[in-house]
């Protein structure tokens, strides 16, 4: 009786406590689904992965690879290698303890929930990729039912993950190493040792040689910019400017703390996939400086070879092939690199490299480097090489096909230019091929390097496991690493290209430029004799014709703007038509007389103008200033006009024989003063038949025009234009003095015909510029025709 009453009281007392725990949550599974029958045994290890367990019994039923608690404990130590993946380690610890050391009570073992299993899939992708999940850890519904609470979920694990070198801990998802969430690659490239880094940085410091050479080239061009600013030589100025700026971007890393700022992120990881919103722009700025300058420089190289090719084809002519095209050079050269740079920044493929100390495209993804670096450089190699070879062939053709037309100086310059072009082309193509070879070396071996690095990271994880299990620690090393020598050769190709571009100013002309510059800066006089081109001296004399008119005895002084110096790029600016640039003193002293003889110096009261009205005195001063820049299009139209005029003048003799010439019409423009007659240069002919003046033409009477008018210029012995004439007339001429003064020209020559044809003034000629004159067929009388024509503009 009393025992029964005691049992009843105990049941009533315990009943209310257990009843509230019986109802399950709406999301929780029934108790029979969250448990499984198993043999419970007392825990031999009171902790799991360093954290104390809140229960005393467990079972090895859920861990298929363990038959005892000792085996389960050993397997947990093996799984501890995931400490090197911090985010994975944070979520996998509860799962491992719930499987290897689950709670077991009353012959029932608790099953972990589906949520606990799924939480480990994304952070622990390295397990799936490297080993694969074992079957008992796969998130199947029978092993991991939905909505089952687990006692292990309430445990707070004290051990947190860590990142073994060469990985560092970071909370930036963009810095995480693949499949290892929470860790990123350290800023210093792990494929190279610390010693190799220092050696490479010392090597990069030698890029200052490129900076010095290119800067010297730029300074040389600027010092003599007036003579150097000519295409195609000035293109070398832009090429050297591009390589100078690019070299500045490479050595910017040597400023205090600049290298880490350029190639490292704030969390100590390597910059990959720039630009990003939460990082500084130092990496992007260095990339733009280096890449944009490099691409602009190689495109300028194409423009240089094209300019050489077209300029060499136009040697010996007045045609300027580059006139009007230089603006397109700038448009193409500056716009294409800009588009490529913007495209790279848009796809965020700028990576930092601690070895080179710069940011560039495609250090991680080599496909972008092939598309944005090798493809443009390869195209430049093909196009530039074509124009360079054509230019050399053109020079060789000029030298071999026209040896008699070339002066000794021009031939020497052609030989020098061909030699320099050959050396320059060899260096340029050699450096480009070296660059291609280094990049292909990277492309073919990058996958192997990445695989070796991944194995090294896994080996470091095994070191952690060996430390936990007191097993021998394995030796970890990166088996396949890139060659430092190849990296040096690649940088040497870049710096060597810049140096080769600067060699074009390593000439004697550069020394003379700097000597003149030093004399100009210090105020000293330059005692070197000046070389003046005849064309520039004549142009200077014509421009000073007003001063020469006022003072005929004065001597011309030529300023430095008239003196023709060789530019720094000697050998490219040569004239195959001018035998020498030196001018003799006798020739220079007679320049003023030549200008006067050509009709450039006129009396003050005489004005020659293309209009038919006199020019007022106050406007005559402006008539002497003539500035013209004839474009190729205007020259082409002028040539077409001359050809059409020549075709019109070519008429048959039958039509020309019946023409007559109308008398000259008076002009309101003042005529030039009559020049004195000059003595003849031949002896007096002894016989009448020796002269070239026929008395009467066939079919015409005395004094008639006709065919004689068209041919008179080739035979009439004028005293100025044709001095090879008798010094005095024949006796017949003395008896018949000929036409009166009104029928004579200003130079003393007779005007033909002496009187109009009988029966009228004849047919008016309209082919020439003035009525009354026959077509001009002789260049010897061109001066006479110009002086006669009142409408001609001198």
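Numbering starts at 1 and runs along the chain as it is shown here.
Each Cβ is built from the backbone N, Cα and C atoms, and glycine gets one as well.
Annotated features, as they stand in Swiss-Prot:
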type: COMPBIAS; residues: 637-647; note: compositional bias 'Basic residues'
type: DISULFID; residues: 34-148; note: disulfide bond
type: DISULFID; residues: 40-104; note: disulfide bond
type: DISULFID; residues: 48-97; note: disulfide bond
type: DISULFID; residues: 88-124; note: disulfide bond
type: DISULFID; residues: 117-139; note: disulfide bond
type: DISULFID; residues: 163-183; note: disulfide bond
type: DISULFID; residues: 187-264; note: disulfide bond
type: DISULFID; residues: 283-359; note: disulfide bond
type: DISULFID; residues: 459-476; note: disulfide bond
type: DOMAIN; residues: 35-151; note: domain 'FZ'
type: CARBOHYD; residues: 25; note: N-linked glycosylation site
type: CARBOHYD; residues: 158; note: N-linked glycosylation site
type: CARBOHYD; residues: 278; note: N-linked glycosylation site
type: CARBOHYD; residues: 462; note: N-linked glycosylation site
type: TOPO_DOM; residues: 223-231; note: topological domain 'Cytoplasmic'
type: TOPO_DOM; residues: 305-327; note: topological domain 'Cytoplasmic'
type: TOPO_DOM; residues: 393-420; note: topological domain 'Cytoplasmic'
type: TOPO_DOM; residues: 515-794; note: topological domain 'Cytoplasmic'
type: TRANSMEM; residues: 202-222; note: transmembrane segment
type: TRANSMEM; residues: 232-252; note: transmembrane segment
type: TRANSMEM; residues: 284-304; note: transmembrane segment
type: TRANSMEM; residues: 328-348; note: transmembrane segment
type: TRANSMEM; residues: 372-392; note: transmembrane segment
type: TRANSMEM; residues: 421-440; note: transmembrane segment
type: TRANSMEM; residues: 494-514; note: transmembrane segment
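The Cβ of residue 117 (disulfide bond) has 95, 137, 139, 144 as same-chain neighbours under 8 Å, each 6 or more residues away in sequence.
Under the three-state DSSP scheme, residue 459 (disulfide bond) falls in the helix class. There are 16 other CB atoms within 10 A of the CB of residue 462 (N-linked glycosylation site), with all protein chains counted. Cβ contacts within 10 Å of residue 163 (disulfide bond), excluding its own Cβ and spanning all protein chains shown: 22. Closest to residue 40 (disulfide bond) by Cα-Cα distance, out of the recorded positions 88, 148, 278, 459, 476, is 148. When the recorded positions 104, 158, 278, 283, 459 are compared by Cα distance to residue 187 (disulfide bond), the shortest distance belongs to 283. Counting residue by residue with DSSP, the topological domain 'Cytoplasmic' (305-327) contains 11 helix, 0 strand, 12 coil.
Following the DSSP three-state reduction, the secondary structure of residue 187 (disulfide bond) is coil. Panel annotation: around the transmembrane segment (202-222), residues 228-229, 234, 236-237, 240-241, 243-244, 247-248, 250-251, 253-254, 356-357, 488, 491, 495, 498-499, 501-502, 504-505, 510, 513-514, 568 of the same chain, lying at least six beyond its termini, place a Cβ under 8 Å from a Cβ of the stretch.
Computed over the domain 'FZ' (35-151), the whole-number mean pLDDT of the model equals 89. Least packed by the Cβ count within 10 Å, out of the disulfide-bonded residues 34, 124, 148, 187, 476, is 476.
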